[in-house]
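See structure below.
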Amino acid sequence: MGDFNVALVIVAAVVSVLVLLVSVYLLVNYQHPDDANQAWFPKLVVVLGITVAVLSILMLPADVANRQACKRAVYSGACALTLPMKTLWLVVYIIDAVLVFLVIPFAMFYYEGDRDKSVGKRLKSALIWVVASAVVCGLILGILYALIGKVDFTVRHLSSSVQAFPNPNQFSAFTSGQPCIAPLTRQCSANTAPANSQTTWTMRATFPEYVVALATIVGSVLFTIFGGVGIACLPLSLIFSFVRRPKAVITRSQYIKEATELGKKAKELKKAAEALHQEERSGNKGRKWRKNVKAVEKELLLLENDMNALEEMYPQGEKAEATWAFTVLAYIGKLIFGIVGLIVSIAWVAHIIIYLLVDPPLSSFLNEIFIKLDSVWGLLGTAAFAFFCFYLLIAVIAGEMMLGLKLVFITIHPMKWGGTLMNSFLFNVGLILLCSISVIQFCATAFAYYAQATAAQEIFGHTLQSLRGIKYLYKYNVFQYGFVALAILTLFYYALFGWRKRKPTGRFQLSN
């Protein structure tokens, strides 16, 4: 058993290094060419944020493996070399909260600062904003923790008289009909206790646990909205992308006509962007200005998508035929991944309904599947469990992108291979970090049977769901109902409008 625990520690260290390398790989390949060899501090924050987010997701499977390492302990001290999961959970999520509420905002303020200003002035401006935000957040946290930072556990008060313990020869007297010591009592105190024996046991939560709990609430709101929309739009967008795919290569005359129209649209957007830049320099950055900036960003993103679609329909160069063949294969890949994603999304929604929303649960469903996969091969169930958790995070990003295109008050931050600016990188990493806490809490609840007796269960399954002022959100499954409702609404939306091709928006004009 000791050897198994040592192996678990070694695997955790190796996986951490691999995650760091993958984070650097994603940064290098997704970054925009304009950010090459500069913006080093935002890049460092991005790598650290991705690493923390991925490790936080992998920690729940590691927590399960850690519990299984101790499960078979046959001698005292056999679990001395296991990972200190509760401490690790708190450390990771405190780092998560610091990154989301302090470091990432500072990096975004600095990156988006006026480039005409000196580095010192940009640092000073970003620092003022972050310090002001930190003071406000600190005051709110301190006041809330002082007033309602307590945990209310519902317990049953039991008491009984004390009797001499029987000698070893008397153990045979205990049966299912006589489970207790007293010979005249057929039931133990737990069964005979009156209803008024139930009471509330109150204790103060630790401050780190309280910070994690409040961050989880904020993340749960975003996760419910973006995740509920994304769990449906992620697979359906891939499937309908295949449905709306270009069926054949267009002619050269058609290409020239479409390219001319896109060129006119690009000139309009350039004039609009220059006008907005002039307004920004003059200090006129009111509500109308922000609305127009949002409109320009949306139109620019749609224009880029139209340009990419046009290039797909008319491949050029010596390898035009090979390019078209790869385009066809890419759409087939989208269809395959869309179908697989649709199966996973249906499994998620079905599991939430039959295991979380129905009381008592109809079945443990995915919990049983993971346990059976573990019996086939030790890490198979753990890998499937991690995949379902990661899928939720990807759904959050898909939901944010869809709502960003539809709603005015949500900023668009697209992630593109070789074309992602650092502010978009920072925004999406912050969103992933904030929602990763909620994803872990959501998974710890949804897979409570599989992840039972873990440190995550202690933090997210007991303390969080008993925290004063917050527990009712979990008692009545508010987030789960919202998640399922938004998933169903998104499904109907795609059924009605998802198969249609987007029509040109016409001449673009700024609002007056």
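Cβ from N, Cα, C; glycine included.
Note: TrEMBL annotation is automatic and uncurated.
Just so it is clear, the model here is predicted, and its values are computed rather than measured.
Now, the feature entries from TrEMBL:
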type: COILED; residues: 252-313; note: coiled coil
type: TRANSMEM; residues: 6-28; note: transmembrane segment
type: TRANSMEM; residues: 40-62; note: transmembrane segment
type: TRANSMEM; residues: 90-111; note: transmembrane segment
type: TRANSMEM; residues: 123-148; note: transmembrane segment
type: TRANSMEM; residues: 210-243; note: transmembrane segment
type: TRANSMEM; residues: 335-357; note: transmembrane segment
type: TRANSMEM; residues: 377-405; note: transmembrane segment
type: TRANSMEM; residues: 425-450; note: transmembrane segment
type: TRANSMEM; residues: 478-497; note: transmembrane segment
Result, the transmembrane segment (90-111) in contact with the transmembrane segment (210-243) (3+ CB pairs under 8 Å): yes
Cβ-based contact of the transmembrane segment (40-62) with the transmembrane segment (377-405), 3 or more pairs under 8 Å: yes
Reported mean pLDDT - the coiled coil (252-313): 80
Chain residues outside the transmembrane segment (335-357) and at least six past its termini with a C-beta under 8 angstroms from it: 231-232, 234-239, 241-242, 363-367, 388, 391-392, 395, 445-446, 477, 480-481, 483-484, 487
Sequence-remote partners of the transmembrane segment (90-111) [C-beta within less than 8 Å, at least six residues beyond its ends]: 39, 41-42, 45, 48-49, 52-53, 55-56, 59, 122-123, 125-127, 129-130, 133-134, 137, 208-209, 211-212, 215, 422-423, 426-427, 429-430, 433-434, 436-437, 459
